[in-house]
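Per TrEMBL, the features are as follows:
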| type | residues | note |
| --- | --- | --- |
| TRANSMEM | 20-44 | transmembrane segment |
| DOMAIN | 38-284 | domain 'G-protein coupled receptors family 1 profile' |
| TRANSMEM | 95-117 | transmembrane segment |
| TRANSMEM | 137-155 | transmembrane segment |
| TRANSMEM | 202-222 | transmembrane segment |
| TRANSMEM | 234-256 | transmembrane segment |
| TRANSMEM | 268-286 | transmembrane segment |
Amino acid sequence: ENKTNVTEFILHGLTQDKTAAKVCFLLFLVFYAAIILGNLLIIITIKTSEQLNSPMYFFLSYLSFVDVSYSTVTAPKLIHDLLVEKKTISYVGCIAQLFSAHFLGCTEAFLLTAMAYDRCMAICKPLHYTNTVTKRVCGWLVAASWVGAFVHSVVQTLLASQLPFCGPNEIDHYFCDVHPLLKLACTDTYIIGVSVVANSGAISLSCFVVLVVSYAVILVSLRTRSSEGRLKALYTCSSHIAVVVLFFGPCIFIYLRPSTTFSADKMVSVFYTIITPLLNPLIYTLRNKEVKNAMKKLWSRKVQRSEK
């Protein structure tokens, strides 16, 4: 009965300052366009290039697809709300956004972990790499990422959908997430709050620990390599480490704590919902000669076709 009292939520958005909102509108509009174009370019380049057929690029194409989808869950609504006075979202839309954000965010976390495993095997066990990290194994890892993220997001959504909301209905955020909804629930949320930490927080922390251990193993194994081999491996891994820090740092800050909200949460959330999907194409292409060469070939083929 309590749930029917709230049919929609009012979002406070990223900022209440009208001037700042207009600046943010232009900024995030450019960011979102860059996310779409950059990640789609990576997907097309990998799918059309015969040279980019290693497991690393297989995972990267899926990561780019997830980045496009993940940012689309929050960015268009954020951009739209920056120009309107009343920012509303229906109850059903709120739950759907929560499910989608956690599903795609968790998928990205698992994919980054799979990519760390791939780099660890490629650098530490190069002789066994092709026999260990096969296309079949890569496919199973990607499938496991999707399934694991689906289970996680179903749990989060069920926890949120069971909460009774009887007012107020104002969410101090720019999208629907678990902690802001817990704050509005008119019931004791301690058990659910602990469940959220055990679910989202544990996944974020465990993936981060696995990633740190993987790159620590890589760094230790590089001691026996030549200086050229060390530089090449470090060059590749530094890109992955940058993404890991930008994505998991904010996630751990948000989800590995009791069900409380801070004023900084909105800005921190921007990092893993928009900034990381924006930087992934730059980090993985500008620092990767193979991808840049493949893009040049793709562009030259298009130019030749247009001339004909």
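Cβ atoms are placed via backbone N, Cα and C, with glycine included.
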Same-chain residues at least 6 beyond the ends of the transmembrane segment (137-155) with CB under 8 Å of its CB atoms are 55, 58-59, 62, 99-100, 102-107, 109-111, 114, 117-118, 195, 199-200, 203
With a Cβ cut-off under 8 Å, give me the same-chain residues at least six positions beyond the ends of the transmembrane segment (95-117) that come close to it.
56, 59-60, 62-63, 66-67, 69-70, 73-74, 77, 89, 133, 138, 141-142, 144-146, 148-150, 152-154, 156-157, 160-161, 175-178, 181, 200, 203-204, 207, 210-211, 214-215, 240, 243-244, 247-248, 251, 272-273, 276
